[in-house]
Amino acid sequence: METEKPISQQDSKLINMETDEKQMPTQEDHSNSCVGVNIPVITLNSGHDIPVMAFGTSSFPPLQVDQMRSILLEAIEIGYRHIDTAALYEVEEGVGAGIKAALEKGLVKREELFVTTKLWCDNAHPDRVLPAIKESLRKLGLEYVDLYLIHAAATVAPNIAYAAWKKGEVFPLDIKSVWAAMEEVQKLGLAKSIGVSNFTCKKLTELLAHAKIIPAINQVEMHAAMRQKKLREFCKEKGIHVSAYSPLGGREWGFDVVLGNELLKEIARNKEKSVAQIALRWVYEQGAVVITKSFNKERLKENLYIFDWKLTDEELKKTELIPQVRTAPLNDFVFEGSPFKTVEEFWDGEM
């Protein structure tokens, strides 16, 4: 089928993401409101709940520690509880500072947050996975993360700047051994759940052939102009949830395939919503976790107001007409001397 049913409030557990510094919510009482939004959670195959809306932390250049601390604290005050970061983003220390500040202010308890970070390709080697997660935890100031992901299905030589790789410095990922090391991370309690990012159906099939622990998440580019229908159906069959980065269509890379789409603009006008809200709601209605990214307070608030209305069947059908384009092809892994000769080869032809 083209679209999955939306997660309803009846079918989902709900975390009331309402905060007020004067009267702090507890796990038993979330009635005090800053934005008054209920963010649904879904249960992963690991048994842990994940909020379906995340605050993404990537930026170029990376935010300084104080900047990230400030904006993350603001996001938590607004109501975000799922924080998505990565070693590659070079902001884990700032994320940790923001979490620490939120805990010290009594805004949340650690168990009320869901923190995701990712293993970058320079540590995607069986002997480097454990040191890598420990280093991320040190920077974050945490004893564990809620989700640890392999960032991409490739390995690169250590101590080389992103995309400065040369021949002999990029390798196909040893999926079997690296995933075994990821499983050890979960067994040690350093991550509550483990998963992957930017994995194709083919690479997931290879992983599943050896896995003792099924990935909880596959985080991929997904939006109305990159629907990922085949991959979503494959993941659903295997019990793997999909998490969507760039839900607004790669705006950060100069693409306008979602926010500039006339069909989505028309739907937004008819519903008196922003185009961004239509785009985020579309992702949510496919059953995916939405990784939003904005450092603007008003946009952070606006992004949360997508859970009390729906797209009609007719509107959903119209979105199927939007041309598909991958705005994050990861083509930096493709160059002369790389084992990946084309972008299509990197994605196993699943473009």
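Cβ atoms are placed via backbone N, Cα and C, with glycine included.
Curation does not apply to TrEMBL; its annotations are automatic.
For 53-318, the entry in TrEMBL reads domain 'NADP-dependent oxidoreductase'.
Counting only residues at least six positions away in the same chain, the Cβ atoms of T57, S58, S59, P62 sit under 8 Å from the Cβ of Y89 (active site, proton donor). Reduced to three states, the DSSP call for Y89 (active site, proton donor) is helix. Summarising the annotation, TrEMBL assigns active site, proton donor to Y89.
In sequence order, T85, A86, A87, L88, Y148, L149, I150, H151, S197 constitute the residues six or more apart from K118 (site 'Lowers pKa of active site Tyr') in its chain with CB-CB distances below 8 Å. In this structure, K118 (site 'Lowers pKa of active site Tyr') is part of a beta strand by DSSP. The annotation site 'Lowers pKa of active site Tyr' is assigned in TrEMBL to K118.
Taken from TrEMBL, the feature substrate binding site applies to H151. DSSP classifies H151 (substrate binding site) as coil under the three-state reduction.
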Discussion item. So if I draw a 10 Å sphere around the Cβ of H151 (substrate binding site), how many other Cβ atoms end up inside it?
Written reply: 21
